[in-house]
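Undergrad: What TrEMBL shows for this protein is this:
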type	residues	note
DOMAIN	4-356	domain 'Isopropylmalate dehydrogenase-like'
BINDING	76-89, 283-295	NAD(+) binding site
BINDING	Arg97, Arg107, Arg136, Asp225	substrate binding site
SITE	Tyr143	site 'Important for catalysis'
SITE	Lys193	site 'Important for catalysis'
BINDING	Asp225, Asp249, Asp253	Mg(2+) binding site
Amino acid sequence: MSYKVAVLAGDGIGPEVMAEARKVLVEVEQRFGLDITYSEYDVGGAAIDNYGCPLPEATLRGCEQADAILFGSVGGPKWQHLPPDSQPERGALLPLRGHFELFCNLRPARLHDGLESLSPLRADISSQGFDVVCVRELTGGIYFGKPKGRQGEGETEEAFDTMRYSRREIRRIAKIAFETARLRKQKVTSIDKANVLACSVLWREVVEEVAKDYPDVTLEHMYIDNATMQLLRRPFDFDVVLCSNLFGDILSDEIAMLTGSMGLLSSASINGSGFGLYEPAGGSAPDIAGKGIANPVAQILSAALMLRYSLKQEDAACAIERAVGKALAEGFLTGELLPAAQRDQAKTTKQMGDFIANAIQDGV
Ligand SMILES: NC(=O)C1=CN([C@@H]2O[C@H](COP(=O)(O)OP(=O)(O)OC[C@H]3O[C@@H](n4cnc5c(N)ncnc54)[C@H](O)[C@@H]3O)[C@@H](O)[C@H]2O)C=CC1
Ligand SMILES: CC(C)CC(=O)C(=O)O
Ligand SMILES: [Mg+2]
């Protein structure tokens with residue numbers, strides 16, 4: 001089978017971890033007889049530097065012609081002085097999500113074998129496991145609502161964002177959460193702030209309606225503030241966590257850390273046609289960029305999600321996941337997963353990619 005993938009490595013650690021994902025994909029292609037053509041495009045800060053805008057026309061056209069987008073991360077202090085809409089995040093990533101209507105963001109997280117003691121979970125909790133999927137609405141809510149901006153001056157100046165959700169937007173993401181739960185532990189925890197926000201009241205109403213079609217799935221509602229706490233207190237009780245755009249952004253970072261590191265959480269952003277953008281849940285990590293120490297696992301697992309959801313190559317996706325599992329179970333770890341006293345044993349970004357690629361070559 002042949003496919004076209006647009007590669008947008010972006011900024012900070014983006015190009016470093018993307019190189020490892022590409023290395024792993026080469027092995028996967030050979031082993032499973034796939035023919036993937038990659039086209040690289042500038043995006044984010046790199047595109048601002050080279051073309052003067054974060055999402056050049058050529059990048060967008062290249063993505064339109066591809067079967068999927070493999071994305072690194074964008075942003076960093078270098079571009080923070082620019083007007084908000086010209087910055088990498090608001091000028092490239094959000095427009096890409098909007099342009100392709102990538103409303104469904106899946107962030108699967110589980111505590112890997114070998115990492116139990118590294119998770120900030122207490123030992124008794126980690127022994128019960130942690131395996132959740134965050135199903136996040138990605139093209140609505142306060143990140144996209146209009147009007148947004150600033151007005152006035154001096155002490156009377158004010159800024160405003162608009163949180164807006166339609167029944168249709170809530171219904172389509174809720175359906176995905178229930179379908180996902182059906183294939184797992186049949187539980188959906190829907191996150192909102194219905195004691196305060198009008199959007200959350202509608203959210204709860206529509207989720208209740210959708211739930212009627214899934215009598216086999218248990219639905220619970222939880223306020224976002226309580227959810228941040230319950231995830232720490234009893235993480236093993238969660239299965240599918242259904243969130244709006246803002247709440248999912250926040251909770252998914254917490255979920256990543258419950259598995260040990262931001263560098264482990266992959267992400268699939270998919271539209272109604274199965275087209276998707278696949279990226280690590282974390283950002284460009286300017287604090288470690290250029291040092292060769294970033295964990296490439298989130299990017300590599302995002303490539304696996306691309307194989308699963310857009311290219312429909314389940315066996316290849318599973319092989320990547322097994323190879324990652326092998327690395328972690330054998331204690332082959334990047335520095336952020338190790339206690340400070342053991343950091344001298346940390347593997348580099350490249351060593352991690354090599355190990356995972358070799359495991360696939362060896363038929364893991
Ligand atoms: N999808 C994207 O492109 C995203 C972009 N950003 C942007 O990235 C920049 C930095 O944002 P931050 O808030 O610092 O979040 P961040 O996720 O980049 O970093 C937060 C912390 O996690 C660590 N981390 C993240 N990924 C890691 C990895 N693969 N391996 C090891 N450690 C890792 C970083 O070193 C840092 O200490 C900002 O410009 C932000 O807007 C943030 C989130 C998502
Ligand atoms: C630009 C941000 C909304 C990206 C982010 O933090 C995310 O999608 O998790
Ligand atoms: Mg985020």
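Note: Cβ is positioned from N, Cα and C throughout, glycine not excepted.
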Undergrad: Under a threshold of 6 Å between Cβ and any atom of ligand 3, which of the recorded positions Gly76, Pro88, Arg136, Tyr143, Lys193, Asp225 are retained?
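TA: Near the molecule: none at all.
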Undergrad: If you check the binding-site residues Gly76, Asp249, Ala289 one by one, which have a CB less than 6 Å away from any atom of ligand 1?
TA: Gly76
Undergrad: Relative to the Cα of Ile293 (NAD(+) binding site), which of the recorded positions Arg97, Arg136, Tyr143, Lys193, Asp249 have a Cα no more than 10 Å away?
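TA: Among Arg97, Arg136, Tyr143, Lys193, Asp249, not one has a Cα sitting within 10 Å of that of Ile293 (NAD(+) binding site).
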Undergrad: Taking DSSP three-state, what's Gln80 (NAD(+) binding site) in: helix, strand or coil?
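TA: SS state of Gln80 (NAD(+) binding site) = coil.
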Undergrad: Measure the Cβ-based neighbour count of Ala285 (NAD(+) binding site), defined as the other Cβ atoms within 10 Å of its Cβ.
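TA: Result for Ala285 (NAD(+) binding site): 24 other Cβ atoms within 10 Å.
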Undergrad: What binding-site residues among Asp249, Ala285, Ala289 are found with a C-alpha within 10 angstroms of that of Arg136 (substrate binding site)?
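TA: Near Arg136 (substrate binding site) by Cα: Asp249.
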Undergrad: Out of the recorded positions Lys193, Asp225, Asp253, give me the one sitting nearest to Ala285 (NAD(+) binding site) by CA distance.
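TA: Among Lys193, Asp225, Asp253, Asp253.
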Undergrad: Please report the number of other Cβ atoms within 10 Å of the Cβ of Ala289 (NAD(+) binding site).
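TA: The answer is 18.
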Undergrad: What average pLDDT does the predicted model assign to the domain 'Isopropylmalate dehydrogenase-like' (4-356)?
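TA: Mean per-residue confidence for the domain 'Isopropylmalate dehydrogenase-like' (4-356): 97 out of 100.
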Undergrad: Could you state the whole-number distance in Å separating the C-alpha atoms of Pro84 (NAD(+) binding site) and Asp253 (Mg(2+) binding site)?
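TA: Checking the Cα atoms of Pro84 (NAD(+) binding site) and Asp253 (Mg(2+) binding site) gives a distance of 23 Å.
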Undergrad: Which binding-site residues from the set Arg97, Arg107, Arg136, Asp249, Ile293 have a C-beta atom lying less than 6 Å away from ligand 2?
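TA: Correct list: Asp249.
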Undergrad: Near Arg107 (substrate binding site), which residues of its own chain have a C-beta under 8 A away, given they sit six or more steps off in sequence?
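TA: The answer is Val133, Cys134, Arg136, Gly248, Ser252, Ile255, Ala256, Leu265, Ser266, Ser267, Ala268, Ala281.
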Undergrad: Round to the nearest Å and give the CA-to-CA distance linking Ala289 (NAD(+) binding site) with Arg97 (substrate binding site).
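TA: Distance (Cα to Cα, whole Å): 25 Å.
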Undergrad: At a 10 Å cut-off from the C-beta of Tyr143 (site 'Important for catalysis'), count the other C-beta atoms across all protein chains.
TA: 20
